[in-house]
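S.K.: Below is one structure. I have some questions about it.
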Amino acid sequence: MLEASHISVNYGPIKAVRDVSIDVGRGDVVALLGPNGAGKSSLLSSLVGLVPKNRGTVVFDNEEVSRASTEDLIRRGMSVTPEGRRIFGDLTVGENLRLGAAIRSDKDGIAEDTEKFLDLFPILRKRFNSAARYLSGGEQQMLAISRSLMSRPKLLMLDEPSLGLAPRIVDQIFEFLVTLRQWGLTLLIVEQNASEVLEIADRAYVLSTGSIVFSGTANELSNSGGVMELYLGLEGH
Amino acid sequence: MDYFLQQALNALSLGGEYALLALGLAIVFSVMGLVNFAHGELITVGGYAMFLAVLIFGVKDPLLILPVGVLAAIFFAVLLERVAFRPVRAAPPTTGMLMAFGISIILQNSALIFVGTRPKAVPTAEWLMLDVNIGSLRMPVVQLLEAGVTIGAITLLVVFMRNTTIGIAMRAAAKDFSTVRLMGIRADRVVRTAFAISGLLAGLAAVFIMARRGAVDPFMGFTPVLKAFVAAVVGGFGSLPGAVIGGFALGIAEVTLQATLPSSVAGFRDAFIFSAIAVLLLFRPQGILGERPDFGEKT
Ligand SMILES: Nc1ncnc2c1ncn2[C@@H]1O[C@H](COP(=O)(O)OP(=O)(O)O)[C@@H](O)[C@H]1O
Ligand SMILES: [Mg+2]
């Protein structure tokens with residue numbers, strides 16, 4: 001589904017991502033882990049064309065898209081739930097969902113999908129016509145994920161979906177990600193919080209100061225105490 | 001009573017003109033962060049297009065001439081965005097502002113060189129210059145139309161911004177452009193639409209300014225847009241409802257002072273108005289509806 005090879009991202013003199021290659025197969029759930037400042041968000045932004053790559057190639061759905069614009073990549077079936085949710089606070093919940101479906105023109109399908117998410121998250125139905133900024137953090141995250149699914153993506157990339165949320169809400173979010181996995185979606189989940197995501201991921205990469213320091217199955221990572229402790233601040237099993 | 005109603009219509013039509021122009025400035029600023037100092041040139045271009053249309057079609061066909069002014073302003077706004085502002089979109093906002101200044105000066109001087117300094121008369125359709133009697137009131141058609149068109153245009157704009165995907169995207173882009181792009185919405189399309197709307201609103205204003213002045217000259221856009229800029233700041237720069245409120249507030253203030261100041265001090269009308277604005281901004285630096293920006297780092 002997604003093969004990114006030798007990606008580098010520089011901000012002036014800062015080398016945020018150095019020669020990173022990752023591979024996400026169709027239907028896979030892949031975790032991208034690493035401490036704050038490791039370059040996870042920069043990698044994601046470069047994959048979706050929001051920040052320029054200094055080097056590297058991206059193949060998405062068997063097509064070379066290294067130079068494609070963000071708008072193009074979304075139309076081809078990528079979608080991102082950005083770090084910090086980035087819901088449109090002045091817009092209503094309904095308008096947020098509508099913008100998520102901006103690339104589609106099948107009115108009936110859009111209405112059907114909207115209903116689907118309103119059924120999954122009744123609070124979104126209740127607040128459908130009020131400004132999204134009044135939702136709680138967890139509700140905003142549900143809205144942000146729903147919004148990024150409204151384009152019917154083939155690949156959904158989530159940037160720290162658990163960031164700043166209470167443990168109970170984090171559990172809910174991960175339950176929802178398991179549902180998405182059951183729907184057959186391909187997921188690339190960026191997290192600092194390794195333990196929850198490793199329970200649902202097939203494979204994992206660990207990024208540190210811009211470079212991949214580990215890649216393997218989620219099980220291998222859970223059992224490799226050294227990596228867990230060194231980069232993720234967790235005791236290995 | 002009649003005198004009051006006539007003054008009220010004056011205020012409404014003048015305020016409407018400021019509101020249309022202030023809205024155009026605000027819509028481009030909210031989406032692009034660009035203060036378009038070349039906005040006045042859209043009016044001038046509309047005026048000259050009408051002048052040309054009169055040469056070509058003759059005066060007999062005002063219904064052909066009015067849309068020419070509006071269409072020219074829209075076309076020109078979109079053209080400016082494409083050739084002048086898009087290349088510097090990624091640059092700091094001051095670059096765009098300088099670009100706008102430059103364009104404004106180039107256009108004014110081109111008009112001076114190629115058309116001449118003297119105002120060119122553009123005869124208006126006769127029916128626009130008539131008065132209509134409503135009961136005991138005599139109201140100028142042009143002012144009634146201007147008030148009506150302004151209210152109609154603002155209503156349409158509200159409907160557009162609330163009910164179309166691109167309108168909703170423009171509201172979202174005012175706060176977070178890159179997330180709008182993550183929705184797959186093309187940045188170029190959002191920006192182009194903002195400019196087209198600013199051109200449409202400036203074109204409508206141009207038609208009425210021309211009807212009142214009867215002539216076009218290279219600098220005719222300057223004063224109305226300066227006033228519109230003031231109106232937009234008063235309303236809260238970048239806020240669309242603020243631009244409308246600011247525009248009407250300024251129009252009402254000007255007409256009220258004009259009508260009530262004794263003739264000995266009437267010449268100081270603008271001084272009174274700007275003093276009042278200065279006081280308002282002391283208490284509400286962000287304008288009436290603007291969001292309070294973080295002034296912390298400068299104080
Ligand atoms: N827009 C930017 N301009 C300059 N430096 C940036 C920018 N965004 C991120 N960085 C730097 O790049 C590095 C990686 O950041 P980021 O990709 O946000 O890491 P992560 O998402 O893993 O926390 C950090 O050193 C950060 O300071
Ligand atoms: Mg990050």
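Using N, Cα and C of the backbone, Cβ positions are placed for all residues, glycine too.
What TrEMBL says about a protein is an automatic prediction, not a curated fact.
Keep in mind that this is a model prediction, so the values were computed, not measured.
Take a look at what TrEMBL says about it:
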- B:18-35: transmembrane segment (TRANSMEM)
- B:42-59: transmembrane segment (TRANSMEM)
- B:65-85: transmembrane segment (TRANSMEM)
- B:97-117: transmembrane segment (TRANSMEM)
- B:137-161: transmembrane segment (TRANSMEM)
- B:190-209: transmembrane segment (TRANSMEM)
- B:229-253: transmembrane segment (TRANSMEM)
- B:265-283: transmembrane segment (TRANSMEM)
S.K.: What residues in the same chain, six or more past the boundaries of the transmembrane segment (B:190-209), come closer than 8 Å to it by Cβ-Cβ distance?
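M.R.: Non-local partners: 13, 17, 20-21, 23-25, 27-28, 30-32, 36, 39, 42-44, 46-47, 50, 66, 69-78, 80-82, 85-86, 89, 142, 145-146, 149-150, 153, 157, 160, 166, 169-170, 173, 177, 180, 220, 224.
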S.K.: Okay, the transmembrane segment (B:265-283) and the transmembrane segment (B:97-117): do they have at least three CB pairs under 8 Å, pairs separated by 6 or more?
M.R.: no
S.K.: Can at least 3 Cβ pairs under 8 A be found between the transmembrane segment (B:18-35) and the transmembrane segment (B:137-161), with each pair 6 or more apart in sequence?
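M.R.: They are in contact.
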S.K.: Report, as numbers and ranges, which residues of the same chain sit near the transmembrane segment (B:42-59): CB under 8 Å and 6 or more residues beyond its ends.
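M.R.: For the transmembrane segment (B:42-59), the nonlocal Cβ contacts are 21, 24, 65-66, 68-73, 76-77, 107-108, 111, 115, 120, 122-123, 125, 198-199, 202-203, 205-207, 209-210, 216, 218-221, 224-225.
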S.K.: Which residues, given as numbers and ranges, are at least 6 beyond the ends of the transmembrane segment (B:65-85) yet have a Cβ under 8 Å from it?
M.R.: 32, 34, 38, 41-43, 45-50, 52-54, 57, 59, 96, 99-100, 103, 122, 125, 191-192, 195-196, 198-200, 202-204, 206-207, 210
